[in-house]
Ligand code: NAD
Ligand code: IPM
Ligand code: MN
């Protein structure tokens, strides 16, 4: 039996609440005997800043490099609003993504049948929705240099962020999107702003070339990113896979989240390139949402995005596809039974807290696997 090393980084705010629930799910799969999981837990974000003055310590980074998968909660919060920029809680996440070279971020937006009325959009627009946003995660304006605030001679300040992409960075994320599209409806929409950004022009050219030369069997469409945001709330089911840069992917995935009922429903996988000899790739699994300071500590956050992120770990890092399907089915059944955290609550359903939702999913795992 294979043993996988997990590094659990709960982070801040609701990160700690949702991590407590996913831990029980990880233990459940460990006891099932399909694989064994060795978990270590450490600090990241504001919690690490409070302990060491840094958003993530070198020792934690080493554990992350040695792990088979990092399971990440969420970081940030008002307590750290005024800490220096380089050590702010969010820097932990950016460093993990960059240093582990997790360039491909898969953000699936699936509307579970029971939640078709929980979205702010009409039922008919979201029922059956299953789209996958493939977000480039280690380039673009997040990491381009220069990135600074300088004081000019006249005393005014000037802030600079740099959007930067190379051909190979665009090629590799395009291939991830096309490969995944082939396992789905074979349609890719590439979103950029070639009308105003040079990086958009290159993005468009490279995705077109990769599509034509390597994936003639996948239908490719180009959409301006602002129009894509509008189309997502107008007629979301027109999309299968959407591929886009780092910043557009951040924004479009929050938009897509509401199509599923709540930001608390959206999981994600951040993947590196497969190792040439072992085929294994570095990875980190995290919900798309943040630390939700407005509800932290109340025990009412939705743990589903975190638990579904572990389902993605089973699928993409450990090749345990049947187990991943089982976990997704358990989540779906609990929702069908009418259990809801506050963010997805609708009239006639039963409101539960974080712990009760986690416990219901565990119980459903027992039922479905009996
Ligand atoms: P947020 O995602 O934390 O919250 C946005 C809204 O969604 C809030 O009303 C919140 O209550 C709700 N929400 C989010 N997740 C939920 C869940 N699981 N269950 C129920 N409701 C949920 O975004 P924000 O408020 O803009 O950011 C708060 C902090 O989180 C900031 O410091 C930000 O930088 C950070 N952040 C971190 C991550 C991450 O660690 N991956 C992601 C996004 C934001
Ligand atoms: C996300 C978050 C992060 C991002 C922040 C917290 C750095 O919003 O994962 O969506 O912008 O990538
Ligand atoms: Mn985001």
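The backbone N, Cα and C atoms fix where each Cβ goes, and this holds for glycine too.
Per TrEMBL, these features apply:
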| type | residues | note |
| --- | --- | --- |
| DOMAIN | 5-361 | domain 'Isopropylmalate dehydrogenase-like' |
| BINDING | 77, 78, 79, 80, 81, 82, 83, 84, 85, 86, 87, 88, 89, 90 | NAD(+) binding site |
| BINDING | 97, 107, 135, 226 | substrate binding site |
| SITE | 142 | site 'Important for catalysis' |
| SITE | 193 | site 'Important for catalysis' |
| BINDING | 226, 250, 254 | Mg(2+) binding site |
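Structure with TrEMBL features highlighted.
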{"residue": "77", "record": "NAD(+) binding site", "CB count, 10 Å": "21"}
{"residue": "81", "record": "NAD(+) binding site", "CB count, 10 Å": "9"}
{"residue": "83", "record": "NAD(+) binding site", "CB count, 10 Å": "16"}
{"residue": "87", "record": "NAD(+) binding site", "CB count, 10 Å": "16"}
{"residue": "89", "record": "NAD(+) binding site", "CB count, 10 Å": "29"}
{"residue": "97", "record": "substrate binding site", "CB count, 10 Å": "22"}
{"residue": "107", "record": "substrate binding site", "CB count, 10 Å": "26"}
{"residue": "135", "record": "substrate binding site", "CB count, 10 Å": "27"}
{"residue": "193", "record": "site 'Important for catalysis'", "CB count, 10 Å": "20"}
{"residue": "226", "record": "substrate binding site", "CB count, 10 Å": "14"}
*asked:* Between all pairs in 97, 107, 135, 226 (listed as substrate binders), what's the biggest Cα distance, rounded to the nearest Å?
replied: 26
*To which of the binding-site residues 250, 254 does the lowest count of other Cβ atoms within 10 Å belong?*
254
*Quick one, of the recorded positions 85, 142, which Cβ has the fewest other Cβ within 10 Å?*
85
*Rounded distance in angstrom between the Cα atoms of residue 107 (substrate binding site) and residue 193 (site 'Important for catalysis')*: 21
_DSSP-derived class (H/G/I helix, E/B strand, else coil) of residue 107 (substrate binding site)_ = strand
*Mind giving me a neighbour count for residue 79 (NAD(+) binding site)? Other Cβ atoms within 10 Å of its Cβ, every protein chain shown.*
14
*Cβ under 6 Å from ligand 2: which of the recorded positions 83, 85, 142, 226, 250, 254 qualify?*
250
